Amino acid sequence: MRRGVTGLVIPMPLLLLYALAPAEVVMTVVAVLFVVHCLLCRDWGWLRQAWVVVAALLCGDIVVASGVMGGIHAGVQALCFVRYFLFVAALQVWILPDARTRRMLGQAYAAVAVWLVAGCWQQYLCGRNFMGYGRWADGALLGPLWAPRAGHALVMTALPALFPLAMTLSMREGRRGRTMAAAILMGLMLTMVLVAQRMPLLHFLMAMGIVGVLIPRLRGRMLVAAGLGAVGVVLSPLLAPQAYQKLVVNFIAHLHGFADSPYGMLFIRAGVMIWHHPWLGLGFDGFRHACPDPAYFHGLPWLGVAEGAHGEAAGCNLHPHNYYLLIGTMGGLPAIGLYVALVLCWLRVACTELSPARDPGRMMLAITCFLVFWPIQSSSSFLTQPTAGWLFMAVGWALAASPVTNRLQRVGAGG
């Protein structure tokens, strides 16, 4: 059974590019088969982990809140949310503890990252990608996709797959290796600038900064790559005017008038919902249903946001573009507290006995998880694909590579 499930998981990065519904099916099937495996083999040792307990409490909180605030249908939807945590557990203790399987997954991620880079440059140079699509309306490159998702996908594949390769080359292969590593990093940096998606570019810069701090001998190459990115932004009015408009002009405008920006309006609306329902939130997917309700057309005076409609119904979206606000609108402040505890549990396991120089792959998985859970950012919803897939794949992979999982399996085998 495990071999068949592994065959489902390895192609996930490709499914998350081109087949979102099958990707959701794979995550659900893996979760169900993992439970079947545990029943047949009586393998329940993974339940003793702290993150599993916190995840169970979080799911329980959201199920109760959904049942009270949204009725039976919302409660059932919230109950299905548990499949993502079962998927993470399956990756950690069943599918990815084997180093060979993790290498295969890393190769799949690397291939997808290279494909994304090639697709972005092909669209930039030719004007349209291989499917005939040009840039998105806001100027973002689509790469080999039909929607502006290339930036996030490149971050989620390049950080755990190509960055470790560049780091290994730089530290072990002499001058030739250092040259190849610099070429990889600078190529990725310039590609991110051309893609013109703000959060992926910031994630990329933060990742390089963290690597430079943790591994001093790589600091120079990270600075060179970041410098190339800065040069790319400076030259973007000539080389890619659309990228300059989005990365610089729109970014500055949003910072100067955040409360009236699309993201600011969503932040305010979610904050008002949590303020009005601090203990239960609005239940599963409550933000989407309640966003057009005039009852939440208010400011946040306690945060210095003046009273007002702030976009009214026209400023609504399917989600508040922030994981923590999304959780808060579903389960209130208790859910936010449990979610923070869950993230800390995951990061603690991912960072246990971490040696950046000896294991760059583990380090980049931990950095990837740290970046996606950073609270001050705009993000998509982890209730839908492809965000759910990228997020929970990264978490499960990082947990599986941790020595905590090795010890857990030894204890289970001994028992």
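Glycine residues also receive a Cβ, built from the backbone N, Cα and C atoms like all the rest.
What TrEMBL says about a protein is an automatic prediction, not a curated fact.
According to TrEMBL:
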type     : residues : note
TRANSMEM : 15-39    : transmembrane segment
TRANSMEM : 51-70    : transmembrane segment
TRANSMEM : 76-96    : transmembrane segment
TRANSMEM : 108-125  : transmembrane segment
TRANSMEM : 145-167  : transmembrane segment
TRANSMEM : 179-195  : transmembrane segment
TRANSMEM : 223-240  : transmembrane segment
TRANSMEM : 323-347  : transmembrane segment
TRANSMEM : 359-376  : transmembrane segment
TRANSMEM : 382-400  : transmembrane segment
Given 51-70, 108-125, 179-195, the one sharing the most C-beta pairs under 8 Å with the transmembrane segment (145-167) is 108-125
Could you check whether the transmembrane segment (108-125) packs against the transmembrane segment (179-195) - three or more CB pairs closer than 8 Å, residues at least 6 apart in sequence?
yes
Candidate ranges 51-70, 76-96, 223-240, 382-400 - greatest C-beta contact count to the transmembrane segment (323-347) (under 8 angstroms)
51-70
Dominant neighbour of the transmembrane segment (179-195) in 15-39, 51-70, 76-96, 223-240, 382-400, by Cβ pairs under 8 Å
223-240
So what's near the transmembrane segment (382-400) in sequence-distant terms, Cβ-Cβ under 8 Å and 6+ beyond its ends?
12-13, 15-17, 20-21, 23-24, 27, 51, 81, 84, 87-93, 95-97, 102, 105, 149, 152-153, 156, 160, 285, 319, 323, 326, 346, 349-350, 362, 365-366, 368-369, 372
Taking a Cβ cut-off under 8 Å, which residues six or more beyond the ends of the transmembrane segment (76-96) line up next to it in the same chain?
2, 5-6, 9, 27-28, 30-35, 37, 43, 45-46, 52, 55-56, 59, 62-63, 65-67, 102, 105, 283-285, 330, 382-383, 388, 392-393, 395-397, 399-401, 405, 408-409
